[in-house]
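> Following this message is one structure expressed as structure tokens.
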């Protein structure tokens with residue numbers, strides 16, 4: 001890695017820049033007896049647009065609310081930009097958060113919201129805020145309670161971004177939007193991230209959103225991280241194997257089966273490998289991101305019964 | 001934060017200011033009227049024969065008005081608690097706007113302290129002004145009536161209402177933070193504070209300063225000065241006495257009639273005197289009964305607070321309310337981290 005030597009020489013400055021935006025160790029959050037997150041270990045490097053996918057109730061919101069300090073972990077540690085979440089005013093200024101359903105004050109006008117941002121954030125960029133508000137066609141005098149879902153989301157995004165944070169966190173920002181508004185919102189989001197040079201983490205249960213704008217992916221399911229990494233690396237490290245029955249039972253070391261499907265004479269397997277595809281003794285096909293994510297999700301869903309079920313189901317065939 | 005405080009509070013502040021203006025106009029008018037009536041009463045007093053009658057006439061003209069005012073304005077703290085305190089955090093939690101405002105560069109505790117200070121101060125100023133006006137308006141009457149320790153009147157004068165308002169506000173805020181919903185928080189705050197305002201004058205206030213104790217012998221003259229004698233249970237009770245030499249003192253506890261050996265007077269003896277006293281032709285409120293009882297060599301033990309303790313009581317009660325408010329605020333500051 002060429003960055004390694006530079007880090008040593010540049011000392012503190014580069015250390016700050018290279019600190020992971022999010023680092024979790026054994027992170028656990030329980031609501032009563034139910035674990036929303038269970039022993040999560042996760043590192044997100046700086047400079048990425050990270051997509052957090054998983055079914056509803058997987059723990060995505062919990063993870064993001066922990067990251068911005070609205071929730072406290074039950075156990076384990078979580079560091080955001082090298083500090084405890086929401087540790088102090090300076091740290092709050094470095095993280096922008098857009099909550100689920102993009103809450104705003106119904107009785108405040110759009111301009112009031114910008115004023116709120118300006119009064120409460122020392123690093124506020126009024127020029128940026130006003131430019132964006134104009135760009136998305138919001139009337140500054142309009143009461144936020146009368147805005148459509150898409151307009152409200154744009155307003156919440158602008159407030160979060162105009163404090164010029166180093167990290168933007170979005171919790172299902174586009175969930176309630178119609179397809180057109182969603183597209184506009186996501187485009188705007190990407191522009192903001194690029195303009196600010198910020199990192200971003202956004203959760204969604206819609207893979208298409210993630211696929212369009214993210215370069216890093218985390219699959220969260222059943223309170224655990226199933227897989228995480230750069231989208232490009234993930235696609236390069238996963239393959240679809242199609243072969244006749246039995247042939248897939250003898251795979252070389254270093255090839256892990258994520259999901260196996262049997263279809264008549266043939267079997268299809270989603271595998272993760274760290275060996276070159278050429279060393280696999282059957283046809284190797286590339287996978288789509290959707291296939292990859294679904295593979296991990298169905299493995300997680302089946303997990304409690306998986307070991308028993310797999311053995312019993314495959315034995316007699 | 002000041003801008004945000006004002007922006008979020010301005011409607012409530014406007015309503016409060018409008019209410020204050022109405023109350024102020026009425027109290028100024030009433031104060032002037034009471035002063036005129038007082039001057040008229042003093043003028044009639046130049047003839048000593050008319051003085052007692054003029055005095056009681058002046059007193060009875062304003063007694064009910066001022067009592068209703070004290071009771072009515074005593075609701076202001078409850079209104080503050082329910083309409084200013086309870087929604088302060090509950091509304092943010094209900095609309096999820098806490099997720100917006102807590103992610104600006106103002107730490108949550110500073111946000112809470114700032115919001116509570118702003119609205120809490122407004123609550124204290126509003127009730128302080130109302131109390132000041134009422135105390136001023138009623139001062140000629142209070143001087144004549146010598147009832148400053150009256151359960152309702154005490155809480156409607158001078159600084160006590162300021163303590164009430166701040167506690168009601170702090171209570172509303174904490175209930176809102178714990179309940180997280182505006183309407184239930186308003187209801188709970190109103191009920192809890194109402195219960196508090198009924199129980200403190202009776203259960204707590206008499207014990208704020210250890211009372212003086214004395215024994216009053218019950219001569220027929222003393223008995224005739226009482227306002228009531230006996231009770232529906234038949235117990236030998238007496239009420240509405242005045243401490244000899246200290247007519248303004250507040251009697252917080254009166255024992256039943258007791259015999260010379262300190263025992264409570266037997267109910268049959270008492271009721272004999274009450275129902276079939278020997279005829280003596282004596283006058284006074286209780287006539288023959290008073291004479292009959294006075295022959296039994298009775299006394300009562302009373303606990304009382306001299307009127308010189310009025311200000312110590314005002315200060316202690318206000319201080320107590322402020323301390324409890326402080327505890328509630330500390331709870332809110334602790335809880336807000338986990339909200």
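Using N, Cα and C of the backbone, Cβ positions are placed for all residues, glycine too.
Keep in mind that TrEMBL annotations are predicted by a computer and have not been checked by a curator.
Got these off TrEMBL a minute ago, pasting:
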TRANSMEM  B:12-32  transmembrane segment
TRANSMEM  B:66-90  transmembrane segment
TRANSMEM  B:111-139  transmembrane segment
TRANSMEM  B:159-179  transmembrane segment
TRANSMEM  B:186-204  transmembrane segment
TRANSMEM  B:318-336  transmembrane segment
> Going through B:12-32, B:111-139, B:159-179, B:186-204, B:318-336 one by one, which has the most CB pairs that fall under 8 Å from the transmembrane segment (B:66-90)?
B:159-179
> Are the transmembrane segment (B:111-139) and the transmembrane segment (B:186-204) close enough to be called in contact, which here means at least 3 C-beta pairs under 8 A that are separated by 6 or more residues?
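No, the transmembrane segment (B:111-139) and the transmembrane segment (B:186-204) are not in contact.
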> Determine which residues of the chain contact the transmembrane segment (B:186-204) at the Cβ level, with the cut-off under 8 Å and only residues 6 or more beyond its ends counted.
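Distal contacts: 74, 77-78, 81-83, 85-87, 151-152, 154-155, 164, 167-168, 171-172, 175-176, 179, 317, 320.
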> Under an 8 Å Cβ to Cβ limit, what residues of the same chain, 6 or more beyond the ends of the transmembrane segment (B:12-32), are close to it?
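Here the qualifying positions are 6, 65, 69, 73, 83-84, 119, 122, 126, 129-130, 133-134, 136-138.
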